[in-house]
Amino acid sequence: MEHTNPAELAVVDLACGRDDRLLFSGLSFGLRPGQVLLLEGSNGSGKTTLLRTLCGFREADEGEIRWCGQLLEESSYYADMAYVGHAEGIKKELTVLENLRFALALSQPGHYGIDEALQKVQLAGYDDNPVHTLSAGQKRRLSLARLLITHNILWILDEPFTSLDRQGIDLIETLIDAHVKQGGMVILTSHHDLSLHHIGLQRIHLDSCL
Amino acid sequence: MEHTNPAELAVVDLACGRDDRLLFSGLSFGLRPGQVLLLEGSNGSGKTTLLRTLCGFREADEGEIRWCGQLLEESSYYADMAYVGHAEGIKKELTVLENLRFALALSQPGHYGIDEALQKVQLAGYDDNPVHTLSAGQKRRLSLARLLITHNILWILDEPFTSLDRQGIDLIETLIDAHVKQGGMVILTSHHDLSLHHIGLQRIHLDSCL
Amino acid sequence: MSLTQAFLAIIRRDLLLAFRRRAEMANPLLFFVMVVTLFPLAVGAQPNLLQAMAPGVIWVSALLAALLSLDSLFRSDFDDGSLEQLLLSPHSLPVLVLGKIVAHWLVTGLPLLLVAPLLALFLGLPERAMPTLWLTLLLATPMLSLIGAIGVALTVGLRRGGMLLSLLVLPLYIPVLIFASSAVDRAASGLPVTAQINILLAMLLLALVLTPLPTAAALKMSVN
Amino acid sequence: MSLTQAFLAIIRRDLLLAFRRRAEMANPLLFFVMVVTLFPLAVGAQPNLLQAMAPGVIWVSALLAALLSLDSLFRSDFDDGSLEQLLLSPHSLPVLVLGKIVAHWLVTGLPLLLVAPLLALFLGLPERAMPTLWLTLLLATPMLSLIGAIGVALTVGLRRGGMLLSLLVLPLYIPVLIFASSAVDRAASGLPVTAQINILLAMLLLALVLTPLPTAAALKMSVN
Amino acid sequence: MTLESFLHMGGYAFYVWTSYGITTAVLLWNLFAPIVQRKQLLRQLALKQKRAQR
Amino acid sequence: MSIIPASVSRFFHRTASSPHFYALADKFIPWLIVLFLLLLIPGLYGGLVMAPADYQQGDSYRIIYIHVPAAWMSLFIYVLMAIMGGIALIWHMKLAEVMLISSAPIGAGFTFIALVTGSLWGKPMWGTWWVWDARLTSELILLFLYLGISALYGAIEDKRSAARAVSILALVGVVNIPIIHYSVEWWNTLHQGPTVSKMDKPSIHISMLIPLLLMAGAFKVYYAIAVLQTAKLELLKREATAQWVKNLLENKA
Ligand code: HEM
Ligand SMILES: Nc1ncnc2c1ncn2[C@@H]1O[C@H](COP(=O)(O)OP(=O)(O)OP(=O)(O)O)[C@@H](O)[C@H]1O
Ligand SMILES: Nc1ncnc2c1ncn2[C@@H]1O[C@H](COP(=O)(O)OP(=O)(O)OP(=O)(O)O)[C@@H](O)[C@H]1O
Ligand SMILES: [Mg+2]
Ligand SMILES: [Mg+2]
């Protein structure tokens, strides 16, 4: 929250591969507060690989990623971003509340309190349910509640709509919308069609990045 | 090949569940030589569960499955069927040829020889390549070659089109077509649109089977 | 193809696979050698003590090595779907499973037979006990594979099966351990061991006949 | 929240998880007890021999139990994505990792401290060696967790890591084993053990400071 | 010194010559195995390249 | 990078590029072979023929000319691997990774030789093939360390990750080296104390010492040759699809 230079993600000339196969190269883009980036591409085109590279899990084969003009390790990047991947990072044996409290302990408090966030993702009243009693869609919602209770500017979401019904999808679109309006940024992948047309939406098609 | 009663698969009043949740119930259908059954339904609707029940891996909660009028264990079912699931049952460390030879050893020889089959799935010349050097699409093709070299009447295919490009999809449709024309039967699931309209195609929508 | 051909094909394939994965294949053997090595380090260089412990140490280590090698019996087949194809084969499943167990023993048990005498020599086991050590290993290691197969078949579908597997299988290994190590102990003291060997032989024959059935049943359950 | 709070939160969460998964938690302890009991079965009822072997047997068994419990250190976090979230935390990863190791030791190492004296008694270890046995276990089991963490972190991404893990970790355990068991041995013979205990203490402090770094680096590599 | 006494090694022939033999074998293996494997790999790669060009 | 002068860093960068290294290795190997033979032949002649029999051990001591150099190499190579592991981790130098992983089988080979020749020497000297003393056992453990490194590298499919993993392991495992080296002094064991390596006053006759040093040199050069050969293979495996490999193949064809 105490950023002096404007938050900005800049990706320059990125190339990533798996084994010896190059997935994409020469990928460049910038993302500023209020913007959404939608990654498209067929199965295996490297969307997940790109997101994980942006998280710093993988090293890029070439190119660089900068946050507020600095390399990731030297910047406040990890305090400013949040990632929800295929695996949700939620403990099945713990309750909803315990999971969120732990997420909070690893990070800084964000815009919303836990109760408020659960309300927002329509999980109010499930506080003390162990997560393994939740349905797949409810689990997804819980992992999104984490985004609300912790401080972050950049959301990186890998197929956030999987296992969500129509109503769940609308909910996330609302959340993304609100986050972006508050000056946040979002990068996501999805095979669904998005109804986010009204905000500054960039699209990148990975199949064409070779 | 030495069947006196006509090959026929009959499913009567089948119900299956996972954990305590019922996935579908009251499902009945019959399949005769020359027919194709396409299972549809959203993710998690139980398509894979149904196929695995048909393979005898899972027991149905209710109902029964008959082959040529007999219960599966009492019939020649396992000599007459072949299954290609998500996991392909192919050893990465062995060569294409070694894999096919082993498949043959577990079963009876079918319509095609190994060379012919490899030709048909466009893998001719790859005989001695270890499978881990093949691409995902080529691996899929190899698992289909198994169907050609062994004796079988009923094919059970779980999403056979995954990781195949347009050309690969056409290829399989041709193979299915040929198999059905020779008096075979096919049960498959797919999220793709099929161009199999000209043959006796049944569709079952699992979401509506509750 | 006939059942015999299928049986042989399974053995041949698993041996080929083991050969292609040489590095992995050596692991149980290395583990065995390593555990045996731990004891002299733990009790210090006391030749007499080591010599007295030798049969027990060799046998407990062989047992643990067999235990830890068990996972590889069905793991990769389960992961890549080969197990499903095995279950769908029209041939008798217990026989096919026996094929897999035989191959597994050839790969993990047989090498123990080769290095165990060497380690026993290093530990100072008297030479007159060597033939007995070797014979008990020959009779008992297949049993370890056969009995263990039931345990793996039950747990192969679970992700965290490792510890559970030991708890299931170790109690079943105890009778083998008792007869085998007491035979070696007696041989080291120059006593006759015919009774122990006969019992081991009988147990092996029983295991050969009886264990493939429950293993096959457990596999069916695991694949669901 | 502050780094200390995060550190404590990790310990609290892992203990809570262990408590919810009680059944699994007991496994290393059971394994330990079972391996120790294998020895009397394997060498027969020879009280003097058992007594002489006792320090070695207890120590090797503790080591193997620690080894086999290691997998649970990062496995479930790796599978459900919690590990990724840990890596993305703005806090220092080595400190968070240390939190996980501490929790793991509390769950798997501490119980060994409680039953080991009992088992030692059964094996006939002289009573004057008990305090030393206990002290060495107290100093050395945390080291087993700390050193082992490096090995698990290196192999957590592999499906067939089990055997490989032993191969990697056992050589690193050797120094601990040598000093700890020689201390118990000396104590059993009534000799002074200050030197060994001091060395173990120094090793523990070194391990506390030095091992979280490579563990964190290895985890980063595994998550790729 | 005769060749015979040289080979006899003062009665320690077995130990000395086995040592030297095993050493030679291991060293040769570590030297030539990678060379042979590299030749094989190059042949494989060349074949692959030819196939790709066709 | 800032702690290294630019010229040095440029040199490393050039040498560290795979095709350049590959060509350089080809250039060096013949000279290394010549050097190897120049050390080996006088070493063997001096050791097996010229040096007198030991007054205690008779001719059996001639095993020293392979046992000791091999044992030294087994430790030396591991230390080298740890250093290369450090370089690979800090500067992400691919070549250090390749050299590290190529050294493992050669180090394992020397360790094996030290074990076998020591055992073959122990039988006539100590009357037993093996004793479980600290030095012998820790040398056996060293063999496991080498094998563990190779196994870990083989088990991780993504070779970039595998190289990182192996670098970490090599660095961590180096704690065992002092234990092996000082074991004879820390514990009283059957094994010989430092006789040769006490450089100020080696307690071994000069006619025995010179061939020993020649053999030690020969083994070092052998290591250089073997590691270059293995590294060439490893580079090809890792970069099979790179352009320089394609060029190489075209030049050959
Ligand atoms: C399997 C048995 C043996 C093993 C594993 C072994 C291992 C080793 C090792 C690792 C070293 C290098 C130590 C260092 O540089 O720090 C060494 C050196 C040496 N070994 Fe052995 N050894 C064995 C048997 C023997 C025997 C039987 C003898 C002679 C009676 C012997 C004589 C020597 C000598 C003279 C050195 C050189 C010591 C020095 O000056 O550094 N070794 N051995
Ligand atoms: N762990 C892995 N090891 C090796 N290759 C992998 C691994 N994970 C993915 N790949 C390969 O990398 C390529 C890109 O995978 P990635 O997961 O980034 O695709 P994606 O665009 O996210 O696809 P999807 O739409 O299926 O999620 C694929 O071809 C895949 O086969
Ligand atoms: N091993 C399992 N244990 C428990 N539940 C499972 C298991 N596998 C699947 N399920 C559940 O059973 C339900 C049906 O799964 P199934 O795999 O049959 O669906 P599907 O129709 O094949 O879906 P998809 O289109 O994703 O392949 C799902 O809700 C899933 O969560
Ligand atoms: Mg993806
Ligand atoms: Mg499915």
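Just so you know, glycine gets a Cβ as well, placed from its N, Cα and C.
All annotation found in TrEMBL is predicted automatically rather than curated by experts.
What TrEMBL lists as transmembrane segment is C:29-46 (among others).
Per TrEMBL, the feature transmembrane segment maps to C:52-74 (among others). Tertiary proximity for the transmembrane segment (C:52-74) is limited to same-chain residues at least six positions away from its ends with a CB under 8 Å from its CB atoms, namely 24, 27-29, 31-32, 35-36, 39, 43, 83, 100-101, 104, 108-109, 112, 116, 119-120, 123-125, 129, 133, 137, 141, 144-145, 148-149, 151-153, 156, 161-162, 165-166, 169-170, 173, 176-177, 180-181, 184-185, 188, 219.
Within the same chain, residues 3, 6-11, 13-15, 18, 25, 28-29, 32-33, 36, 54, 58, 62, 65-66, 69, 72-74, 77, 86, 89, 129-130, 133-134, 137-138, 141-142, 144-146, 149, 153, 208, 211-212, 215-216, 219 sit at least 6 positions outside the transmembrane segment (C:95-122) and bring their C-beta atoms closer than 8 Å to a C-beta of that stretch. Under the heading transmembrane segment, TrEMBL lists C:95-122 (among others).
Annotation source TrEMBL lists transmembrane segment at C:134-156 (among others). Cβ atoms under 8 Å from those of the transmembrane segment (C:134-156) belong to residues 62-63, 66-67, 70-71, 73-75, 78, 83, 97, 100-101, 104-105, 108-110, 112-113, 116-117, 164-165, 168-169, 172-173, 176, 179-181, 183-184, 196-197, 200-201, 203-204, 207-208, 211-212, 214-216, 218-219, 221-222 of the same chain, restricted to positions at least 6 beyond its ends.
Taking Cβ pairs closer than 8 Å, the transmembrane segment (C:163-184) reaches residues 55-56, 58-60, 63, 66-67, 70-71, 125, 129, 132-133, 135-137, 139-140, 143-144, 147-148, 150-152, 154-155, 193, 196-197, 199-200, 203 in its own chain, all 6 or more past its ends. The transmembrane segment feature in TrEMBL is assigned to C:163-184 (among others).
Long-range contacts of the transmembrane segment (C:196-219) within the same chain: residues 74, 83, 86-87, 93-95, 97-98, 101, 132, 135-136, 139-140, 142-143, 146-147, 149-150, 153-154, 156, 175-176, 179-180, 182-183, 186, each at least 6 residues beyond the stretch ends and with a Cβ under 8 Å from a Cβ of the stretch. Residues annotated as transmembrane segment in TrEMBL: C:196-219 (among others).
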